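Enquirer: Handing you this structure, nothing more for now.
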Amino acid sequence: MAPIDWKKWRHVTKLDPDKKITRQDIAAIVDSGTDAVMISGTQNITKENVGNMIDMLAEYSIPKVLEPSVSAIIRNDVDFIFVPSIFNTKYSKFAVGYHKDFVKNYPDEVLDKVIPEAYIVLNPLSAVAIVTRAQTGISPREAAAYAELADRFFRFPVVYIEYSGTYGNPELVKAVREKLTNTVLYYGGGIDSREKAETMAKYANTIVVGNAVYKKGGIEKLKETIVK
């Protein structure tokens, strides 16, 4: 089997293990044209509900990504493990602290699947912002500086602009993209229409769609957001 080139993904569907979804919906998501499925959440994430989600996806060949909020849920039966480091927080445990324990406690076969993400969290009302005490009120220039730091200094393969449920500022995303040379830019937050998807896809290499899946008519909304 050829290696999976995650850098070429244009659209990723994010599924929250704490939210209900049917096997029929899973099949429709896989068939939608999305490039990969990311299993990710902040609240009430357990080994059990992560395992249930992975089991529902097991029969499909679509690339599977686990984005853990805690190291206890990490599993090896996925293609990649995208590990966030929160850049816009004063609390180092969310940037390197928990990650040190992860590296210390997991074998190479797991660590080899890790793709580090430089996270810039921008929705102050989101669970991830509250938990990490992210400094969300930053300007496009400051966000771009964080992104350039991730790219030039720390060589992160991914910068992730996270608006988490609300639609963000395209000018901020554009400013970030202009500072990246080698790093892939992910954008997630509030994409629930073709127009919003196309706007953010002009600047982000990859857009991530999550909450739209769980709204009324969610699968059809998801299909509207597929860009290539």
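We number each residue from 1, going along the chain as drawn.
Backbone N, Cα and C atoms are what each Cβ position is placed from, and that goes for glycine too.
Just so it is clear, the model here is predicted, and its values are computed rather than measured.
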Enquirer: Which single residue out of GLY33, GLY190, GLY217 does Swiss-Prot record at the sn-glycerol 1-phosphate site shared with LYS14, TYR160, ILE161, GLU162, TYR163, SER164, GLY165, GLY210, ASN211?
Expert: GLY190
Enquirer: What whole-number value in Å do you get for the largest C-alpha pair distance within LYS14, TYR160, ILE161, GLU162, TYR163, SER164, GLY165, GLY190, GLY210, ASN211, the residues recorded as binding sn-glycerol 1-phosphate?
Expert: 17
Enquirer: Does THR42 (Mg(2+) binding site) have same-chain partners at least 6 apart in sequence with Cβ under 8 Å from its own Cβ, and which are they?
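Expert: Listed in sequence order: SER69, SER126, ALA127, VAL128, VAL131.
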Enquirer: Considering only the binding-site residues ILE161, TYR163, GLY210, which residue has the minimal Cα-Cα separation from ASP16 (Mg(2+) binding site)?
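Expert: Looking at Cα distances from ASP16 (Mg(2+) binding site), the smallest one goes to GLY210.
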